[in-house]
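Peer 1: Got a structure for you, questions after.
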C-alpha cells in the first residue's frame, strides 16, 4: 500500500497560507500522497527583499521585451530558481526516457497500452520542451550529469518493462509520486514569493507564468500517477521493494541535480 | 553585497571577514537571468568609482598599486581607500574582465535579415564576438602579460577561471546558442580554451591591427569544429549501430 509521504524538505519549507485560493489549489491533487496538506508547519521563508538597487547602466537591448521591475531577486531566490529549473529539466528528461524505453517491451505484450503510453510520453515531451526553453532563455546551467541520467532512466524504463506490465506501472507510480510532491513544493515556495511581491506590486509576468505552468505540469504528472494505479501498479510482485528503491533513487537524483 | 563585520576582534575574526568578500564577489550574476527583475550591478558604487578611474591609468602604469592609488585620488577618495579592494591589483584585472564581458552585448551588432537575406551562422557570430572581446584588450595589451601573471597566482586562479567560464557562456548566449544538454559544457569548455590560447598569443603579436591574432583564432576555431565534428560522427555511429542491433534482435523474436 502506498504510504502517503511527502519529502521532509517540503515540510521544512512550507509557509503559512493566508489566501484562500492556494489552499484550494492544494486540495485539487486528489491522490493519497497529498492528503497530508493539512500538515501545516509555520516556518517562514527566509528570503528578505533588499532595498532596490538602481541599475548603473542603461538596460541593454533584450531579445524579449518585458516591463522592468526595479526589484532585484535576492541571491536565495535566484539560486532557488536556478536549481529548481535545473532539477525539473533533469526530471523531465528522465521521464521522457523512461516512457521511451518502457514502450517497446510493454506494447509488444500488451498492445492495448499503446495509446496510453503514447499519451503520457507526449505530455512528458511537452514538459521537457518547456523546461529546455526556460533553461536556454534564462541562462541556467543544465545538469552536468545529463549522460548519467540519460543512461539511468533508459535502464530503469527498460528494466521495469521487461519485468512486466505491473512493474512498469509501479515504476511510473513511484516516479510520478516523487515528482508530483517535488513540483508541489516548488509551487508552494513560488506562491509564497508571489504573495509577498504582489503586495508591493512587483509580481511580474515571468514568475506568474512560471507558477501557472508548474501547476499545470504538476497536475499532468499526478494524472499519470492515476493512470498507473488504474493499470494495476499495486499488483507488482516486489511492490514495496521496487517502489521504495525507485523513490529513493529519485530523491537522490533530485538532491544531486540541485547542485550538480 | 555588504561585507560582514568581524564577529570578534580576534585575528581569526578579521581573517574570516576578509575571506568572506572574495566568496561574495564570486557570486556575481551566475544564476537565473531575469528579464523583468533588474540584475544587481556587478560592483558596489565606491569600488566602481575607484576601479573605473584606475583603469584609465593602466596603459601608463600597468596593473599595479600605483594605478589603483592614482585612480582612488581621481575618484576623490584617499590613498588608503584601495584597502576597499582586498584582492588589490587582481580586483583591477577583474574589473577590466567583467566590464569588457558585460560590454559585449552592447558593442557587437550582427547583420540581420534586413540586408543580405539571412543572418550569420552561430559560428560566424562566435568568431565576431570573440574577436570583439580580444580587440577590447587592445588598450592594455602591452600590460596584459602582467595581468595574466596576476591571474595565475594560486589564490586567484579559481576566480580567473570562473571569469573565463562566464565569458564563454556570455559569448555563446549572445551568439544564440540554445543547447541544454551536455554539449552546453563541451561548447563552453572548448571556447574557453580557444579564447585563452588566443589571448596569450595576442600579447606577443606585433602585426598591424593584430591580423596574426585573427588568423590564429580562425585556426583554433577550425580545430575545435573538426574535433567536435569527429566526436559527433563517432557518437552518431555508435548510437545508430546500437539501435540497429537492438531492433534486429527484436525482429528475431528476442524479448528485449
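Cβ atoms are placed via backbone N, Cα and C, with glycine included.
Reproduced below are the annotations present in TrEMBL:
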type	residues	note
BINDING	A:92, A:124, A:127, A:221	Fe cation 1 binding site
BINDING	A:124, A:176, A:221, A:224	Fe cation 2 binding site
COMPBIAS	A:44-56	compositional bias 'Low complexity'
REGION	A:37-67	region 'Disordered'
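How about a rundown of where these features are and what they're close to?
Peer 2: In sequence order, A:92, A:95, A:217, A:220 make up the list of same-chain residues 6 or more apart from residue A:127 (Fe cation 1 binding site) whose Cβ falls under 8 Å from its Cβ. The DSSP secondary structure for residue A:127 (Fe cation 1 binding site) is helix.
Close to residue A:221 (Fe cation 1 binding site) in the fold, though at least 6 residues off in sequence, lie A:176, A:179, A:180, A:183, each with a CB less than 8 Å from its CB.
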Peer 1: Let's check the environment of residue A:124 (Fe cation 1 binding site): how many other CB atoms sit within 10 Å of its CB?
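Peer 2: I get 24 for this one.
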Peer 1: Cα distance, residue A:224 (Fe cation 2 binding site) to residue A:124 (Fe cation 1 binding site), nearest Å?
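Peer 2: With the alpha carbons as reference points, the distance is 10 Å.
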Peer 1: If I restrict to non-local contacts, at least six residues apart, and a C-beta distance under 8 angstroms, what lies near residue A:224 (Fe cation 2 binding site) in its own chain?
Peer 2: A:120, A:123, A:172, A:176
Peer 1: Which residue, of the binding-site residues A:92, A:176, has its CB surrounded by the fewest other CB atoms within 10 A?
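Peer 2: Each of the binding-site residues A:92, A:176 was scored by Cβ atoms within 10 Å; lowest is A:92.
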